[in-house]
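Below: one structure, written as structure tokens.
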Amino acid sequence: MNKNIVIKSMAALAILTSATGINAAVVEETQQIANAEKNVTQVKDTNIFPYNGVVSFKDATGFVIGKNTIITNKHVSKDYKVGDRITAHPDGDKGNGGIYKIKSISDYPGDEDISVMNIEEQAVERGPKGFNFNENVQALNFAKDAKVDDKIKVIGYPLPAQNSFKQFESTGTIKRIKDNILNFDAYIEPGNSGSPVLNSNNEVIGVVYGGIGKIGSEYNGAVYFTPQIKDFIQKHIEQ
């Protein structure tokens, strides 16, 4: 990711899955992710809400939205198949909420970068509360709506390999909402694809899909959860 490029259109946003081959200068900078200037902090306990509603892929993020159901991006899910595994709210070497197999993948039919996955309820490797997925995680709820200047947070796994799968929280504000696109200034990096965007009540208003990894950027993007998108997601939540 070249940080000197000015992104001039939403179509040019870089997707935020983590990639190998990052040069040494970028790695050195990203190792300083949790500093005050970026408004990024490492999550101290991923076993409490809302942090226990976030899951990790090997190079991206997702979050729980209902029984055995998680949301991420299409550009994340395209690299996965039924039977592949996700990890519930890992916390570096402190443990995680269990490892689970993907049961089904349903991409949103429009252009929006959303994918819904159903997860096998029984873990391959158990979490602290046993083998049941729903006992080790807590689903996030939809926000009714959102508006410009609302305070938000993004929770996820930026640069997961480099950061040893530690969870981070980034705070900022909504800069604009147009149709199903939400722009915000919270700091994000590769690996944040699929992260939930939460309001001050820890309700989810969208899913991160891209940005430029620059402090103060107002071009970071998420799919805003319109009524139509919420309806699609609700239909794919396991009953």
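From the backbone N, Cα and C atoms, a Cβ is placed for every residue, glycine too.
Here's what Swiss-Prot has on this protein:
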- His75: active site, charge relay system (ACT_SITE)
- Asp113: active site, charge relay system (ACT_SITE)
- Ser193: active site, charge relay system (ACT_SITE)
- 1-36: signal peptide (SIGNAL)
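Listed active-site residues: His75, Asp113, Ser193. The one with the lowest count of other Cβ atoms within 10 Å of its Cβ is His75. With respect to their backbone Cα atoms, Ser193 (active site, charge relay system) and Asp113 (active site, charge relay system) stand 10 Å from each other.
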